[in-house]
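Chemist: Pasting the feature list from Swiss-Prot:
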type: BINDING; residues: His69, His109, Glu145; note: Zn(2+) 1 binding site
type: BINDING; residues: Glu145, Asp179, His216, Glu261; note: Zn(2+) 2 binding site
type: BINDING; residues: His182, Asp229, His231; note: Zn(2+) 3 binding site
Amino acid sequence: MKFVGAHVSAAGGVDQAVIRAHELKATAFALFTKNQRQWHAPHLAADVIDKFKENCERYGYGSRQILPHDSYLINLGHPESEALEKSRLAFIDEMQRCEQLGIDLLNFHPGSHLNKVDVDKCLARIAESINIALNKTQRVTAVIENTAGQGTNLGFKFEHLAAIIDGVEDKNRVGVCIDTCHAFAAGYDLRTNDVCEQTFQQFEKIVGFQYLCGMHLNDAKSEFASRVDRHHSLGEGNIGKTPFSYIMKDARFDGIPLILETINPDIWPQEIAWLKLQQN
């Protein structure tokens with residue numbers, strides 16, 4: 001079974017995000033559990049936590065149908081110790097918020113070397129950051145998102161994801177989220193069924209589908225292998241609709257949240273409905 005949704009607003013409280021997802025006829029959703037552009041946020045109030053859980057139960061969202069995203073400020077591979085510690089503490093807080101809400105997944109961008117440390121050292125530092133967070137929390141899986149490779153961001157090669165996973169002690173609590181726009185921009189072609197198969201065979205060989213915990217379904221304004229992260233609506237960009245139909249028909253993508261981050265929220269209901277139709 002496919003779980004399809006979008007990254008919805010949590011304005012007015014995280015409990016409101018659940019209602020917005022339901023209004024889209026989504027069977028999965030993503031959200032920020034705090035302001036994604038600030039380091040600090042108030043603790044989640046007990047009544048808001050209760051309402052979030054009640055709404056999830058009412059509308060049928062299980063703990064692995066929700067894929068929250070952490071703050072954009074966090075860099076778990078930061079080359080400077082003070083900034084790294086700040087990121088690690090913020091990431092632990094994000095994991096704890098998921099724990100409180102009964103969510104089993106936390107999606108994050110792995111980190112950036114900022115041209116101050118080599119790639120392997122940065123990847124090892126990211127894995128160490130994940131280990132620290134997992135040791136201070138329970139149940140929540142750290143879900144590494146592939147990146148487009150813009151700037152000094154790591155995670156744009158499947159080998160980067162595999163190296164991070166290799167350094168994580170508890171393999172049961174680490175996974176990956178594949179963003180189609182990021183993959184395309186990083187040089188993994190998705191424009192035909194044949195190249196989709198080749199790309200996902202590569203993924204299976206290097207990372208493994210057992211680690212796939214979610215996907216971001218986005219077309220791309222950016223060019224193939226451009227290392228530029230620019231999302232577009234499904235079928236409107238340089239990828240086209242083929243891979244999204246491919247994903248919806250392939251059982252390897254069952255049982256995980258498939259999340260739209262496309263640029264026009266007004267057409268999310270139509271995009272979700274179209275994706276669901278592709279299963280037939």
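Just so you know, glycine gets a Cβ as well, placed from its N, Cα and C.
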Chemist: Fewest other Cβ atoms within 10 Å: which of the binding-site residues Glu145, Asp179, Asp229, Glu261 wins that one? Let me know.
Modeler: Glu261
Chemist: Could you tell me the C-alpha distance between His109 (Zn(2+) 1 binding site) and His231 (Zn(2+) 3 binding site) in angstrom, no decimals?
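Modeler: So the Cα of His231 (Zn(2+) 3 binding site) lies 16 Å away from that of His109 (Zn(2+) 1 binding site).
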Chemist: Inside 8 A of the center formed by the CB atoms of His69, His109, Glu145, which other residues of the chain have their CB, for the recorded Zn(2+) 1 site?
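Modeler: Other same-chain residues near the Zn(2+) 1 site: Asp70, Asn107, Phe108, Val143, Thr147, Cys177, Asp179.
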Chemist: Among all chains shown, work out which of the binding-site residues His69, His216, His231 has the most CB atoms within 10 A of its CB.
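Modeler: The residue with the most neighbouring Cβ atoms within 10 Å is His216.
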Chemist: Looking at the binding-site residues listed here (His69, Glu145, Asp229, His231), whose Cα lies nearest to that of Glu261 (Zn(2+) 2 binding site)?
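Modeler: Nearest in space to Glu261 (Zn(2+) 2 binding site), counting only the binding-site residues, is His231.
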Chemist: Quick check: with Glu145, Asp179, His216, Glu261 left out, which same-chain residues have Cβ atoms within 8 Å of the centroid of the Zn(2+) 2 site Cβ atoms?
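Modeler: Residues close to the Zn(2+) 2 site, other than Glu145, Asp179, His216, Glu261: Asn107, Asn146, Cys177, Ile178, Thr180, Cys181, His182, Met215, Asn218, Ile259.
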Chemist: Which ones in the same chain are close to His182 (Zn(2+) 3 binding site), with CB under 8 Å and 6+ residues apart in sequence?
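Modeler: Once residues fewer than 6 apart are set aside, His182 (Zn(2+) 3 binding site) is near Glu145, Asn146, Thr147, Ala148, Gly149, Phe156, His216, Asn218, Asp229.
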Chemist: For the Zn(2+) 3 site given as His182, Asp229, His231, which other residues of the same chain have their Cβ within 8 Å of the site's Cβ centre?
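Modeler: Everything else in range on the chain: Thr147, Ala148, Asp179, Cys181, Ala185, Asn218, Ala220, Ser222, Arg230, Glu261.
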Chemist: Within 10 angstroms of the C-beta of His109 (Zn(2+) 1 binding site), what count of other C-beta atoms is obtained when all protein chains are considered?
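Modeler: By my count, 24.
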Chemist: Measuring Cα to Cα, tell me the gap between His69 (Zn(2+) 1 binding site) and Asp179 (Zn(2+) 2 binding site) in whole angstrom.
Modeler: 13
Chemist: Can you tell me whether DSSP puts Glu145 (Zn(2+) 1 binding site) in helix, strand or coil?
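Modeler: For Glu145 (Zn(2+) 1 binding site) - judged by DSSP and reduced to three states - the answer is strand.
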